[in-house]
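Peer 1: The compositional bias 'Polar residues' annotation in TrEMBL covers 253-264. As annotated by TrEMBL, domain 'Palmitoyltransferase DHHC' applies to 116-236. Positions annotated as region 'Disordered' by TrEMBL: 252-273. The annotation transmembrane segment is assigned in TrEMBL to 12-32, 53-74, 167-187, 199-223.
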Amino acid sequence: DQKMGQLSSVMMPLIEIGVMGFVTYVFVYSLCIEYLLAPSSEWRSRGIQPRRATAIALLTIYVLLVLTILLTWLRMLQVIWTNPGIVPLGHPDSEKQDVSWMGIEKYDAFISDYEGNPQWCDKCHNWKPDRAHHCRELNRCVRRMDHYCPWAGGIIAEGTHKFFIQFVFYGALYTTFSWIPIAIFLAERIRVLGSKPGIWIAMLPLCGIFMIFAVTMFFMTFWNQSINYTTIETLQRGGVYNIAMLVTRRDPNTQTPRRNSSSHNSKEKPNVLREVTRSDGREYVVFQTQPYVNPWDIGSMENLRTIMGNSIVQWFLPFQTSPCIKRDDVKGQYGWSREVSAMANDWERDHPDRRIALLSNTRR
(Lines of atoms letter the chains of each structure in order from A and count residues from 1; the text may use other names and numbers.)
(Lines give C-alpha, C1' and ligand atoms only; values in the text may rest on other atoms or scores of the structure.)
Protein backbone atom coordinates (compact mmCIF):
# COMPACT_ATOMS: atom_id res chain seq x y z
CA ASP A 1 0.00 0.00 0.00
CA GLN A 2 2.82 2.39 0.85
CA LYS A 3 4.68 1.90 -2.45
CA MET A 4 1.47 1.98 -4.48
CA GLY A 5 0.37 5.17 -2.76
CA GLN A 6 3.69 6.88 -3.43
CA LEU A 7 3.68 5.71 -7.06
CA SER A 8 0.13 6.95 -7.59
CA SER A 9 1.00 10.34 -6.09
CA VAL A 10 3.57 10.70 -8.89
CA MET A 11 1.53 9.21 -11.75
CA MET A 12 -1.76 11.02 -11.08
CA PRO A 13 -0.27 14.54 -11.23
CA LEU A 14 1.48 13.60 -14.47
CA ILE A 15 -1.88 12.52 -15.90
CA GLU A 16 -3.41 15.83 -14.78
CA ILE A 17 -0.58 17.79 -16.40
CA GLY A 18 -1.14 15.83 -19.61
CA VAL A 19 -4.87 16.56 -19.54
CA MET A 20 -4.22 20.27 -18.90
CA GLY A 21 -1.79 20.32 -21.82
CA PHE A 22 -4.38 18.76 -24.13
CA VAL A 23 -7.13 21.11 -22.92
CA THR A 24 -4.79 24.09 -23.37
CA TYR A 25 -4.05 23.09 -26.96
CA VAL A 26 -7.73 22.66 -27.81
CA PHE A 27 -8.91 25.78 -25.98
CA VAL A 28 -6.10 28.21 -26.80
CA TYR A 29 -5.04 27.19 -30.27
CA SER A 30 -7.94 25.32 -31.86
CA LEU A 31 -10.80 27.37 -30.39
CA CYS A 32 -9.50 30.84 -29.57
CA ILE A 33 -6.84 31.30 -32.26
CA GLU A 34 -7.82 29.05 -35.15
CA TYR A 35 -11.62 29.36 -34.85
CA LEU A 36 -12.35 32.73 -33.19
CA LEU A 37 -9.34 34.96 -33.77
CA ALA A 38 -8.24 34.00 -37.29
CA PRO A 39 -10.69 31.66 -39.03
CA SER A 40 -9.64 30.42 -42.44
CA SER A 41 -10.92 32.06 -45.64
CA GLU A 42 -13.07 29.00 -46.29
CA TRP A 43 -14.75 29.34 -42.88
CA ARG A 44 -15.27 33.08 -43.44
CA SER A 45 -17.00 32.39 -46.74
CA ARG A 46 -19.36 30.07 -44.90
CA GLY A 47 -20.27 32.59 -42.20
CA ILE A 48 -17.62 32.21 -39.47
CA GLN A 49 -16.21 35.72 -39.02
CA PRO A 50 -13.33 36.75 -36.69
CA ARG A 51 -14.41 37.52 -33.13
CA ARG A 52 -11.29 39.07 -31.69
CA ALA A 53 -12.87 40.50 -28.53
CA THR A 54 -14.36 37.13 -27.64
CA ALA A 55 -11.08 35.35 -28.32
CA ILE A 56 -9.02 37.81 -26.25
CA ALA A 57 -11.48 37.67 -23.36
CA LEU A 58 -11.50 33.87 -23.32
CA LEU A 59 -7.70 33.71 -23.59
CA THR A 60 -7.22 36.21 -20.76
CA ILE A 61 -9.54 34.38 -18.36
CA TYR A 62 -8.09 31.01 -19.31
CA VAL A 63 -4.48 32.11 -18.71
CA LEU A 64 -5.41 33.65 -15.34
CA LEU A 65 -7.15 30.44 -14.25
CA VAL A 66 -4.23 28.27 -15.37
CA LEU A 67 -1.71 30.45 -13.51
CA THR A 68 -3.86 30.48 -10.38
CA ILE A 69 -4.41 26.74 -10.27
CA LEU A 70 -0.73 26.06 -10.94
CA LEU A 71 0.33 28.50 -8.21
CA THR A 72 -2.05 26.87 -5.72
CA TRP A 73 -0.92 23.39 -6.72
CA LEU A 74 2.78 24.24 -6.38
CA ARG A 75 2.16 25.83 -2.95
CA MET A 76 0.37 22.69 -1.83
CA LEU A 77 3.16 20.45 -3.13
CA GLN A 78 5.74 22.61 -1.39
CA VAL A 79 4.04 22.03 1.97
CA ILE A 80 3.50 18.33 1.21
CA TRP A 81 7.22 17.90 0.51
CA THR A 82 8.42 19.96 3.49
CA ASN A 83 6.11 19.58 6.51
CA PRO A 84 2.43 18.74 6.08
CA GLY A 85 2.12 17.89 9.79
CA ILE A 86 3.93 14.56 10.24
CA VAL A 87 4.27 13.40 13.85
CA PRO A 88 7.83 12.43 14.92
CA LEU A 89 8.63 8.75 15.36
CA GLY A 90 9.33 7.30 18.78
CA HIS A 91 11.93 4.68 19.59
CA PRO A 92 10.83 1.16 18.53
CA ASP A 93 11.48 -0.16 22.06
CA SER A 94 9.59 2.66 23.75
CA GLU A 95 6.49 2.08 25.78
CA LYS A 96 3.86 4.59 26.74
CA GLN A 97 5.40 5.56 30.05
CA ASP A 98 8.86 5.99 28.51
CA VAL A 99 7.96 8.67 25.96
CA SER A 100 7.14 12.29 26.69
CA TRP A 101 3.71 13.61 25.81
CA MET A 102 5.20 15.78 23.04
CA GLY A 103 3.88 18.92 24.70
CA ILE A 104 0.31 17.63 24.93
CA GLU A 105 0.39 18.10 28.72
CA LYS A 106 0.57 21.89 28.29
CA TYR A 107 -3.07 21.95 27.16
CA ASP A 108 -6.04 22.14 29.50
CA ALA A 109 -7.86 19.35 27.63
CA PHE A 110 -7.00 16.73 25.02
CA ILE A 111 -8.45 13.64 23.38
CA SER A 112 -7.53 10.64 25.51
CA ASP A 113 -8.03 6.95 26.02
CA TYR A 114 -10.04 5.50 28.91
CA GLU A 115 -7.06 5.87 31.25
CA GLY A 116 -6.76 9.60 30.60
CA ASN A 117 -3.61 9.31 28.47
CA PRO A 118 -3.26 10.72 24.96
CA GLN A 119 -3.90 8.17 22.26
CA TRP A 120 -0.94 5.96 21.40
CA CYS A 121 0.24 4.75 17.99
CA ASP A 122 1.79 1.29 18.09
CA LYS A 123 3.28 1.76 14.61
CA CYS A 124 4.98 5.10 15.29
CA HIS A 125 5.71 4.27 18.97
CA ASN A 126 4.58 7.69 20.04
CA TRP A 127 1.66 9.65 21.40
CA LYS A 128 -0.88 10.89 18.87
CA PRO A 129 -1.84 14.57 19.00
CA ASP A 130 -5.54 15.41 18.86
CA ARG A 131 -7.13 14.55 15.50
CA ALA A 132 -3.98 12.81 14.24
CA HIS A 133 -4.34 9.58 12.26
CA HIS A 134 -1.88 7.01 11.00
CA CYS A 135 -1.46 7.23 7.22
CA ARG A 136 -0.72 3.83 5.72
CA GLU A 137 0.70 5.38 2.52
CA LEU A 138 3.29 7.32 4.53
CA ASN A 139 3.43 4.84 7.42
CA ARG A 140 3.38 7.82 9.78
CA CYS A 141 0.90 9.63 11.96
CA VAL A 142 -0.20 12.97 10.51
CA ARG A 143 -1.74 15.90 12.37
CA ARG A 144 -5.37 16.55 11.52
CA MET A 145 -5.20 14.13 8.60
CA ASP A 146 -8.00 14.53 6.08
CA HIS A 147 -7.04 11.94 3.43
CA TYR A 148 -4.24 10.84 1.17
CA CYS A 149 -4.90 12.26 -2.29
CA PRO A 150 -2.79 10.94 -5.19
CA TRP A 151 -4.46 13.49 -7.51
CA ALA A 152 -3.09 16.32 -5.39
CA GLY A 153 0.30 14.66 -5.00
CA GLY A 154 0.27 13.54 -1.38
CA ILE A 155 -1.21 13.93 2.08
CA ILE A 156 -4.02 16.38 2.82
CA ALA A 157 -3.71 17.31 6.45
CA GLU A 158 -3.24 20.21 8.82
CA GLY A 159 -0.69 22.06 6.72
CA THR A 160 -2.18 21.37 3.28
CA HIS A 161 -5.95 21.36 3.85
CA LYS A 162 -6.34 25.05 3.00
CA PHE A 163 -4.37 24.75 -0.22
CA PHE A 164 -6.29 21.62 -1.20
CA ILE A 165 -9.61 23.45 -0.83
CA GLN A 166 -8.23 26.28 -2.96
CA PHE A 167 -6.86 23.76 -5.48
CA VAL A 168 -10.18 21.98 -6.04
CA PHE A 169 -12.03 25.34 -6.06
CA TYR A 170 -9.85 26.74 -8.83
CA GLY A 171 -9.89 23.34 -10.51
CA ALA A 172 -13.69 23.48 -10.56
CA LEU A 173 -13.61 26.99 -12.07
CA TYR A 174 -10.97 25.98 -14.62
CA THR A 175 -12.71 22.84 -15.86
CA THR A 176 -16.14 24.50 -15.92
CA PHE A 177 -14.81 27.51 -17.83
CA SER A 178 -12.97 25.26 -20.29
CA TRP A 179 -15.98 23.02 -20.89
CA ILE A 180 -18.70 25.63 -21.52
CA PRO A 181 -17.13 27.60 -24.47
CA ILE A 182 -16.11 24.39 -26.22
CA ALA A 183 -19.66 23.03 -25.89
CA ILE A 184 -21.19 26.28 -27.17
CA PHE A 185 -18.89 26.72 -30.17
CA LEU A 186 -18.94 23.01 -31.01
CA ALA A 187 -22.72 23.26 -31.41
CA GLU A 188 -22.22 26.35 -33.60
CA ARG A 189 -19.55 24.65 -35.69
CA ILE A 190 -21.72 21.60 -36.31
CA ARG A 191 -24.69 23.82 -37.23
CA VAL A 192 -22.83 26.25 -39.50
CA LEU A 193 -19.97 24.22 -40.95
CA GLY A 194 -21.34 20.74 -40.51
CA SER A 195 -17.97 19.55 -39.12
CA LYS A 196 -17.33 17.58 -35.96
CA PRO A 197 -13.70 18.13 -34.87
CA GLY A 198 -12.46 15.04 -33.02
CA ILE A 199 -10.31 16.88 -30.51
CA TRP A 200 -13.22 19.12 -29.48
CA ILE A 201 -15.49 16.13 -29.05
CA ALA A 202 -12.78 14.26 -27.10
CA MET A 203 -12.23 17.22 -24.81
CA LEU A 204 -15.86 17.49 -23.70
CA PRO A 205 -16.18 14.18 -21.80
CA LEU A 206 -12.57 14.35 -20.59
CA CYS A 207 -12.97 17.85 -19.21
CA GLY A 208 -16.47 16.99 -17.97
CA ILE A 209 -15.19 14.10 -15.84
CA PHE A 210 -12.60 16.30 -14.16
CA MET A 211 -15.17 19.07 -13.77
CA ILE A 212 -17.61 16.77 -11.95
CA PHE A 213 -14.80 15.44 -9.74
CA ALA A 214 -13.47 18.93 -8.86
CA VAL A 215 -16.90 20.46 -8.19
CA THR A 216 -18.00 17.51 -6.05
CA MET A 217 -14.73 17.43 -4.12
CA PHE A 218 -14.83 21.16 -3.46
CA PHE A 219 -18.37 21.24 -2.09
CA MET A 220 -17.82 18.11 -0.02
CA THR A 221 -14.52 19.34 1.45
CA PHE A 222 -15.81 22.88 2.04
CA TRP A 223 -18.94 21.56 3.76
CA ASN A 224 -16.91 19.23 5.98
CA GLN A 225 -14.70 22.12 7.00
CA SER A 226 -17.71 24.31 7.76
CA ILE A 227 -18.73 21.74 10.42
CA ASN A 228 -15.07 21.16 11.37
CA TYR A 229 -14.79 17.55 10.30
CA THR A 230 -12.03 15.98 8.28
CA THR A 231 -12.92 13.29 5.75
CA ILE A 232 -11.74 10.58 8.16
CA GLU A 233 -13.79 12.05 11.00
CA THR A 234 -16.83 12.22 8.73
CA LEU A 235 -16.52 8.48 8.08
CA GLN A 236 -16.31 7.94 11.85
CA ARG A 237 -19.23 10.27 12.55
CA GLY A 238 -21.52 8.94 15.25
CA GLY A 239 -18.75 7.71 17.50
CA VAL A 240 -17.81 9.11 20.89
CA TYR A 241 -14.67 10.87 22.10
CA ASN A 242 -12.91 10.68 25.43
CA ILE A 243 -11.63 14.07 26.59
CA ALA A 244 -9.25 14.45 29.55
CA MET A 245 -9.64 17.83 31.24
CA LEU A 246 -7.17 19.29 33.71
CA VAL A 247 -8.63 19.94 37.17
CA THR A 248 -7.25 22.35 39.76
CA ARG A 249 -8.12 22.77 43.41
CA ARG A 250 -10.08 25.88 44.26
CA ASP A 251 -8.89 28.19 47.01
CA PRO A 252 -11.39 27.64 49.87
CA ASN A 253 -11.25 31.36 50.70
CA THR A 254 -12.30 32.27 47.16
CA GLN A 255 -15.98 32.64 46.43
CA THR A 256 -17.20 30.13 43.87
CA PRO A 257 -18.37 31.91 40.71
CA ARG A 258 -21.89 31.22 39.57
CA ARG A 259 -22.08 29.89 36.03
CA ASN A 260 -25.11 29.17 33.96
CA SER A 261 -25.05 25.70 32.47
CA SER A 262 -25.20 25.70 28.69
CA SER A 263 -26.53 22.15 28.62
CA HIS A 264 -29.84 21.56 26.94
CA ASN A 265 -30.98 19.72 30.05
CA SER A 266 -29.42 20.85 33.32
CA LYS A 267 -30.57 17.66 35.04
CA GLU A 268 -28.54 15.53 32.67
CA LYS A 269 -25.17 14.71 34.22
CA PRO A 270 -22.04 14.76 32.11
CA ASN A 271 -20.70 11.33 31.22
CA VAL A 272 -17.61 11.05 33.42
CA LEU A 273 -15.52 7.93 32.85
CA ARG A 274 -13.03 8.40 35.64
CA GLU A 275 -10.83 10.81 37.56
CA VAL A 276 -7.07 10.42 37.20
CA THR A 277 -4.15 11.71 39.28
CA ARG A 278 -0.86 11.47 37.42
CA SER A 279 2.56 10.90 38.94
CA ASP A 280 3.36 14.61 38.65
CA GLY A 281 0.31 15.46 40.75
CA ARG A 282 -1.82 16.78 37.89
CA GLU A 283 -5.47 15.79 38.17
CA TYR A 284 -7.72 15.05 35.21
CA VAL A 285 -11.36 14.21 34.70
CA VAL A 286 -12.06 12.00 31.69
CA PHE A 287 -15.36 12.86 29.99
CA GLN A 288 -17.04 10.99 27.15
CA THR A 289 -19.07 12.87 24.56
CA GLN A 290 -22.48 11.81 23.37
CA PRO A 291 -22.75 10.08 19.96
CA TYR A 292 -22.76 12.46 16.98
CA VAL A 293 -21.33 15.32 19.05
CA ASN A 294 -18.46 17.04 17.27
CA PRO A 295 -16.12 18.34 19.99
CA TRP A 296 -14.44 20.82 17.59
CA ASP A 297 -17.47 22.49 16.01
CA ILE A 298 -17.12 26.15 17.05
CA GLY A 299 -19.52 27.62 14.48
CA SER A 300 -19.47 27.61 10.70
CA MET A 301 -17.48 30.80 10.10
CA GLU A 302 -14.99 30.12 12.88
CA ASN A 303 -14.56 26.57 11.61
CA LEU A 304 -13.70 27.91 8.17
CA ARG A 305 -11.38 30.59 9.53
CA THR A 306 -9.28 28.04 11.41
CA ILE A 307 -8.25 26.58 8.03
CA MET A 308 -8.81 29.29 5.42
CA GLY A 309 -7.58 32.30 7.40
CA ASN A 310 -9.00 35.43 8.99
CA SER A 311 -9.35 37.59 5.89
CA ILE A 312 -10.98 37.15 2.50
CA VAL A 313 -7.59 37.60 0.82
CA GLN A 314 -6.21 34.58 2.69
CA TRP A 315 -9.21 32.53 1.57
CA PHE A 316 -8.36 33.01 -2.10
CA LEU A 317 -4.56 33.37 -2.20
CA PRO A 318 -2.33 30.37 -1.43
CA PHE A 319 0.38 32.11 0.56
CA GLN A 320 -0.27 32.12 4.31
CA THR A 321 -0.71 28.85 6.17
CA SER A 322 -3.78 27.96 8.23
CA PRO A 323 -4.16 29.62 11.66
CA CYS A 324 -4.84 26.23 13.29
CA ILE A 325 -1.24 25.06 12.85
CA LYS A 326 -0.04 27.57 15.46
CA ARG A 327 -1.68 25.63 18.32
CA ASP A 328 -1.04 28.55 20.66
CA ASP A 329 -4.25 28.25 22.71
CA VAL A 330 -3.66 26.52 26.06
CA LYS A 331 -7.29 25.38 26.15
CA GLY A 332 -6.55 22.74 23.52
CA GLN A 333 -4.78 21.94 20.29
CA TYR A 334 -7.97 22.94 18.46
CA GLY A 335 -11.02 24.88 19.61
CA TRP A 336 -13.61 23.10 21.75
CA SER A 337 -17.32 23.16 21.02
CA ARG A 338 -20.03 24.46 23.32
CA GLU A 339 -21.01 20.90 24.18
CA VAL A 340 -17.55 20.26 25.60
CA SER A 341 -17.69 23.43 27.68
CA ALA A 342 -21.18 22.46 28.85
CA MET A 343 -19.97 19.08 30.14
CA ALA A 344 -17.15 20.76 32.04
CA ASN A 345 -19.49 23.46 33.35
CA ASP A 346 -21.99 20.94 34.70
CA TRP A 347 -19.29 18.89 36.39
CA GLU A 348 -17.66 21.96 37.94
CA ARG A 349 -21.00 23.16 39.30
CA ASP A 350 -21.37 19.88 41.19
CA HIS A 351 -17.78 20.06 42.54
CA PRO A 352 -17.41 23.49 44.16
CA ASP A 353 -13.99 22.63 45.61
CA ARG A 354 -12.46 22.09 42.16
CA ARG A 355 -12.47 23.84 38.83
CA ILE A 356 -11.85 22.87 35.22
CA ALA A 357 -8.82 24.71 33.82
CA LEU A 358 -10.49 24.82 30.41
CA LEU A 359 -13.31 26.97 31.82
CA SER A 360 -11.05 29.29 33.78
CA ASN A 361 -9.29 30.13 30.49
CA THR A 362 -12.54 30.67 28.60
CA ARG A 363 -13.95 34.14 28.05
CA ARG A 364 -17.40 34.74 29.43
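Placement of Cβ uses the backbone N, Cα and C atoms for every residue, glycine included.
Nobody curates TrEMBL annotations by hand; they come from automatic prediction.
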Peer 1: So what's the mean pLDDT when you look at the domain 'Palmitoyltransferase DHHC' (116-236)?
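Peer 2: Averaged over the domain 'Palmitoyltransferase DHHC' (116-236), per-residue pLDDT gives 94.
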Peer 1: Per DSSP, how many helix, strand and coil residues does the domain 'Palmitoyltransferase DHHC' (116-236) have?
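Peer 2: Helix, strand, coil within the domain 'Palmitoyltransferase DHHC' (116-236): 66 helix, 19 strand, 36 coil.
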Peer 1: Can you tell me which recorded stretch out of 53-74, 167-187, 199-223 has the most Cβ pairs within less than 8 Å of the transmembrane segment (12-32)?
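Peer 2: If we count Cβ pairs closer than 8 Å to the transmembrane segment (12-32), 199-223 scores highest.
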Peer 1: By a Cβ-Cβ criterion of under 8 Å, what residues six or more beyond either terminus of the transmembrane segment (53-74) are in contact with it?
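Peer 2: Apart from its flanks, the transmembrane segment (53-74) reaches 20, 24, 27-28, 31-33, 36-37, 152-153, 163, 166-167, 170-171, 173-174, 177-178, 181, 318.
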